[in-house]
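Visitor: My questions all concern the structure below.
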Amino acid sequence: MSGESEAASAPAPSNPFASLGASGTTGFAAGGFNFGAPVAPAFGAAPKPADEEGGDEDGGDAAPEEECQAEFKPVVQLDEVETKSGEEDEDSLVDLKCKLYRFDGDNNEWKERGLGLIKLLQHKENKKVRLLMRQEKTLKIRANHIVMPGTKLQEHSGSDKAWVWSTVDFSEGEQRIELFAVRFGTVEKAQEFKKKFEEAMDINAPLLGDVAALPKADESAGGAAADKEAEELAKEVEGKATTKDE
């Protein structure tokens, strides 16, 4: 009996999960559990919300990033060099975009010299006019000669936008007799070139007193025979000659 009285008088064991349901928040609770309220973490204090945390350790905003003031000098110092085109002492009478060809007599075919600007340049001092054509991008000289009085500028057969002429050229660094053909994008540009070319011949006529000292294309190629050959090439180039890049 004493054992039964001790068991009756002993306090009931406490519920270890009662504290979890002690919150006053609403929600579904059963057996001491509350499933509607947030539960505190098992270890440590709850983390503070991001908006409740302070700024940095100093209590202020982050300092702006400082601009780098370091200077780096190149290992090799290059001096600026002035480049000259050789046209500084000349005035341009005309410059037009074109495609230039030269006739290769050995293979009996036209070869393309390049696409670029063709110019008639008059020297500021001696007033002589030369023809200069540079290939675009590379600026390589593709034609360079004095506009000789008496040069025959012949219309290209089958095209009113192209001209053919024979001359002594210096584009390769030495005198060479060349037969050139130039083609323009429009008839108007072709006619403008012809007009300026003829004006250049008139300008050079009284200035070139030593023309006889220069080799003439007609003399070197056999006089009238060379002139006839040039005319035939100008007429038949579309039909018999192929065009290749050079």
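In case you wondered, yes, glycine gets a Cβ from its N, Cα and C as well.
Heads up, here are the entries from TrEMBL:
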- 1-23: region 'Disordered' (REGION)
- 40-89: region 'Disordered' (REGION)
- 52-69: compositional bias 'Acidic residues' (COMPBIAS)
- 71-206: domain 'RanBD1' (DOMAIN)
- 218-246: region 'Disordered' (REGION)
- 226-246: compositional bias 'Basic and acidic residues' (COMPBIAS)
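Please situate the listed features within the shown structure.
Guide: Summarising model confidence by region, the domain 'RanBD1' (71-206) averages a pLDDT of 91.
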Visitor: Which residue counts does DSSP give the domain 'RanBD1' (71-206) for helix, strand and coil?
Guide: 18 helix, 62 strand, 56 coil
